[in-house]
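Participant: Relevant sequence annotations retrieved from TrEMBL are reproduced here:
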TRANSMEM  A:26-43  transmembrane segment
TRANSMEM  A:55-76  transmembrane segment
TRANSMEM  A:96-121  transmembrane segment
TRANSMEM  A:133-151  transmembrane segment
TRANSMEM  A:186-206  transmembrane segment
TRANSMEM  A:237-255  transmembrane segment
TRANSMEM  A:267-284  transmembrane segment
TRANSMEM  A:291-311  transmembrane segment
TRANSMEM  A:317-336  transmembrane segment
Amino acid sequence: MTVATAEPRTRTRPVRLGALLARPEVGALAAAVAIFVFFLLVAPSFRSSASFFTVLYQSSTIGIVAVGVGLLMIGGEFDLSAGVMPISAGLVNSMFCWYFGVNLWVGAVLSLAFCLAVGFLNGWLVMRTGIPSFLITLGTFFVLQGANLGVTKLVTGSVSSSDISAIDGFASLQKVFASSFTLGSATVWITVLWWILFVALAAWTLQRARVGNWIYAVGGSADSARAVGVPVVRTKIGLFMTVSFLGWFVGMHSLYRFNTLQAGNGVGNEFLYIIAAVVGGTLLTGGFGNAIGAAIGAFIFGMTSLGIVYAGWDPNWFKAFLGVMLLLAVLVNTYVKRLATKGRPS
Amino acid sequence: MTDTLSEHADRGLRRGEQLVDLAGVGKNYGPIRALHGVDLHVRAGEVTCVLGDNGAGKSTLIKIISGLHPHTSGTLTVDGVERRLGSPREALDLGIATVYQDLAVVPLMPVWRNFFLGSELVAGRYPLAGMRIRDMRRIADEELRKMGITVADIDQPIGTLSGGQRQCVAIARAVYFGARVLILDEPTAALGVKQSGVVLKYIAAARDAGLGVVFITHNPQHAYLVGDHFVILKRGGTVLDAARGTVTLEDLTTQMAGGDELAELSRELERQ
């Protein structure tokens, strides 16, 4: 018996299509190279290894969370609370230790537990109620944003946290989260290395781990996944917790780099993460994308935000550029999805 | 074509052995009675057809057997042990696999990832357990070839296969991973004549390999082609429960089309 055996004529198309679809980041990579060359041409100060590493640093501060958001979006969910999560993480650590005078490591662990709890709550509420994650995390986002400012004002009397550089544990934590070293004439921030590690870990998980298979499945079709025994609820809650873990990580970086935090910061970053993931080829509707793509998306963000400054232009144009990139990426992604889901006529 | 099925079907299955038994099973969603007093017997090597119009309670019945929603009255017995299934995983572990009409596969994922979804081959121990991707791709490709499904590239999204092929992959996958009871939810509903034929042959092959098959459909012709036993549901209750020898295709078609109600309707609409 034969079931619509592919004829030689039709055989070539699925192969090329499959190869293209297997690599969602191709479009983003082409865009990144084009933007890179463009700024090399128009911005003379862009052409040094020092500014290249500055771009990498800028990219890493967005890219670390963007990788988690990318995984979450592949899993079919959003997290709007990811923008203010780092600030919440830093504030919990900073104010707890400042108020009670305990070692900063204690606060850091407490802050991690807090972030994981928020991530769990996000995921649990989404799975329990069936309400879109867009709404649930919009709620958490406002709660965190308000609490960040409200609690900070109660504790310190102002909208910024107190300087914690004199408290025990600062030096060692700074080494982990916010140190830098020089490479030739360039300063390399440790977040760049962390970023690379997280991207590699996420890429490996998606491609080679069983959980990666589940992430694609719960985003592509949660009901199909459930029917073949994939633990959908656990997988999705795990993804929300991954995002909040990475948010905590970036929060630790900001805290130990600047000693104090502005409680009102972070608003709007959630969209940067989503844009980085989408520009990197992640489908807004889930089930498609990869970690390298989200990393390239974050790199495009870092390159552009600094490139515009190096070129001496009004930095306000950056947002407009970001919008254009997002629209282009969504168009490309939608087209790709249509190709992929179109069944062959039998 | 049937290699995969006969090779991987459970050898312990004895034809006629009672696999799943429902007695007086009912399900209420709050005050709404979706199903009441339904008896159903699934035996090894037999196809039990469940027919019914939209809203007759077919999908509720599947959800009970496949572990999506537990029943609220009656008893469900699997291999002689009374059960209340709380999750699809639980049902799968008892060898009950369900293939849904439109939920059979994840369209954007490669064929091989779909084939192994939920039963991935893993090397080593958690947390560093990588999948044995090379083995998984090879096995998926071999099994599909045995079924006569030639995919140009095992990495292509399964959404690019035809509807009939997707159903066949889903059935083959269920059998490959040790299903003893196969529940097929309207597998031919969205398919053309030729593709339906492919799926029906596949159902017959699963039956011949000794599996107990529950075939849900609203097409009496398709049911009569492969069925050993027929149950017709209407408004949540059983209106016909008959073995193959005791019922004709005409009976099935008439019952499905509405039976007495149809006769009444035909009188009312009688043209002058």
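Residue 1 is the first one shown; counting continues down the chain.
Using the three backbone atoms N, Cα and C, a Cβ is placed for every residue, glycine included.
Curation plays no part in TrEMBL annotations; they are all automatic predictions.
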Participant: For the transmembrane segment (A:291-311), which recorded stretch in the set A:55-76, A:133-151, A:186-206 gives the largest number of Cβ pairs separated by under 8 Å?
Facilitator: A:55-76
Participant: Ranking A:26-43, A:133-151, A:186-206, A:237-255, A:317-336 by Cβ pairs under 8 Å to the transmembrane segment (A:267-284), which is first?
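Facilitator: Result: A:317-336.
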Participant: Find the member of A:55-76, A:133-151, A:186-206, A:237-255, A:317-336 that has more C-beta pairs under 8 Å to the transmembrane segment (A:26-43) than any other listed stretch.
Facilitator: A:317-336
Participant: May I ask for the residues of the chain that lie six or more residues beyond the transmembrane segment (A:96-121) and have a Cβ under 8 Å from a Cβ within it?
Facilitator: 81, 85, 88-90, 140, 144, 155-156, 161-162, 164, 167-170, 172-173, 237, 240-245, 247-248, 251-252
